[in-house]
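Participant: Have a look at the structure that comes next, please.
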Amino acid sequence: MSKKVLVLGEAREGALRNVSYEAIAAAKQISSGGEVVSVLLGDSVGELATELGKYGADRVITVEHPHLKQYTSDGYGQALLAVIEQENPEAIVFGHTALGKDLSPKIASKLQIGLVSDVTSIEGEGDAAVYIRPIYSGKAFEKVKVKDGIEFITIRPNNIAPLAKDDSKSADVSSMSVDITNLRTIIKEVVRKSTEGVDLSEAKVVIAGGRGVKSEEGFAPLKELADVLGGAVGASRGACDADYCDYSLQIGQTGKVVTPDLYIAAGISGAIQHLAGMSNSKIIVAINKDPEANIFKVADYGIVGDLFEVIPMLTEEFKKLKVNA
Amino acid sequence: MNIYVLVKRTFDTEEKIVVSGGKIQEDGAEFIINPYDEYAIEEAIQVRDAQGGEVTVLTMGGEDAEKQLRTALAMGADKAVLINIEDDVEELDQFTAAHIISEYLKDKNADLILAGNVAIDGGSGQVGPRVAESLGINYVTTITNLEINGTTVTIKRDVEGDTEVLETSLPLLVTAQQGLNEPRYPSLPGIMKAKKKPLEEVELDDLDIDEDDVEAKTETIEIYLPPKKEAGKVLEGELADQVKELVHLLHSEAKVV
């Protein structure tokens, strides 16, 4: 049976996040030929709506309100519940982002339904859809089915491929007005710590440093390589605990879980807790002075050597590759 | 201040996961307090020490979870509650857990409820916010700083690496992110005292919950381990050649750059 699926689009600094398109692809599969309706919430998001159609949304509903300028679970919750009430979807898809993680349990609780969080792939379509998600920080996986009620999932960024962009397609865009009141949280300030744009959890390339980086300054060559590859810099707990970098960069069982196409671990020994945060990356490169380091066991390619020699050489080689490309 | 902390007993982070008969093998595994919940317990103790009041740690599970509750009491919590569902609930999901915990908390007039932002086993991060919603109170997730002044609460939270500074008020549920504090280790006197602290055990009957009301909405149909990675290729030769080879492999073989 085909299903009507509601998808939450997510914008950041005026642009749609990639996970919005990935969520549409997931919704298409769950819908099994049914309608995919994207929802955009914000104070001014109308201009972004057309883009969602090109990635497969059949319809886009925008809710614009001054109180939606910044995310709060109250504001977004009220807006989304109003849309859900109007649309009566049979399935809902969010990104498993900071926003999605914060908002989805509220909606699920309000509707008294199940919620399958952090889905990395979907098997089957429509009523037969089965959701696959990592458990024990990626040391195992589970397949989950929704027994009854609305199928509500959040998808992990970078795992479900978006549909190819089709400029000839467009979605019907409509706006809905929702009364948003009684916000219990007031956002005072947002301090941007994440560096220039590339979000660690969405990055296609991650260059991560461990204790072997030795100092805060030691991260500079990693940053340079990340810039050349359009990637993000991450770190092991060891590097964070030693104050070489901010905890916001930490990858592992506590910390972020990343699944980039390319993960370069520099000076990281590969403790089991670190592996939990990155072992599902597509390609893993290990650079470590210690040939016995555990990280080599999960790496696709390894270089035994000093990261301060290897990383700058890699940066130069990749620069050459870019010039020749 | 009446403070509750939601705690989960989880696998030790060092444990290897073994699946047999479609289930994660628990025999012989070490169990710990979910690491994120430790931050929540520590914060609760600090808030109580500064503001006065009482910290109650609450968990749901079986008899085995008593050990983790005792550890929390040894850290400095005042009371513990075990909602024992061993005999009543076979299949549970986040809906089930949140429903039962909310039923317990609904008449407790908690000013502040703390939990970890995610449990490292199931990893859904749902139960905290679901409980807050059921109780009709506000929640803030992934917090890295908490300041309470009367009923006004100022919070810093981690949003994918950025820091959001916000203001809200009690009653409130917060979920702890790494960086919130440094959880203390139980001291020897703490461990001795913990043995005498009250640990209440309740079952679904005591909460007037019918098993059917908490039937899981989702169902795990299979658990499996990720395919074993084959040992990778450690490059050899002059370092400069290794680097060239690596770039070539990433570009032409793996096709990731």
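Glycine residues also receive a Cβ, built from the backbone N, Cα and C atoms like all the rest.
The following feature annotations were taken from TrEMBL:
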BINDING   A:ARG211, A:236-237, A:250-254, A:267-274, A:ASN288  FAD binding site
DOMAIN    A:5-195  domain 'Electron transfer flavoprotein alpha/beta-subunit N-terminal'
Participant: Tell me whether A:GLN250 (FAD binding site) sits in a helix, a strand or coil according to DSSP.
Facilitator: strand
Participant: Fewest other Cβ atoms within 10 Å: which of the binding-site residues A:GLN250, A:GLN253 wins that one? Let me know.
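Facilitator: Ranked by other Cβ atoms within 10 Å, the binding-site residues A:GLN250, A:GLN253 bottom out at A:GLN253.
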Participant: Near chain B: which of the binding-site residues A:ARG211, A:GLN253, A:ILE268, A:ALA271, A:HIS274 have their Cβ closer than 8 Å to one of its Cβ atoms?
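Facilitator: Contact set vs B: A:GLN253.
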Participant: For the domain 'Electron transfer flavoprotein alpha/beta-subunit N-terminal' (A:5-195), what is the mean per-residue pLDDT, to the nearest integer?
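Facilitator: Averaging the confidence scores along the domain 'Electron transfer flavoprotein alpha/beta-subunit N-terminal' (A:5-195) gives 95.
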Participant: Here are the binding-site residues: A:ARG211, A:HIS274. Which has the lowest count of other Cβ atoms within 10 Å?
Facilitator: A:ARG211
Participant: Counting other CB atoms within 10 A of each CB, which of the binding-site residues A:ILE268, A:ALA271 comes out lowest?
Facilitator: A:ALA271
Participant: Tell me whether A:HIS274 (FAD binding site) sits in a helix, a strand or coil according to DSSP.
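Facilitator: Going by the DSSP assignment, A:HIS274 (FAD binding site) falls within a helical segment, counted as helix.
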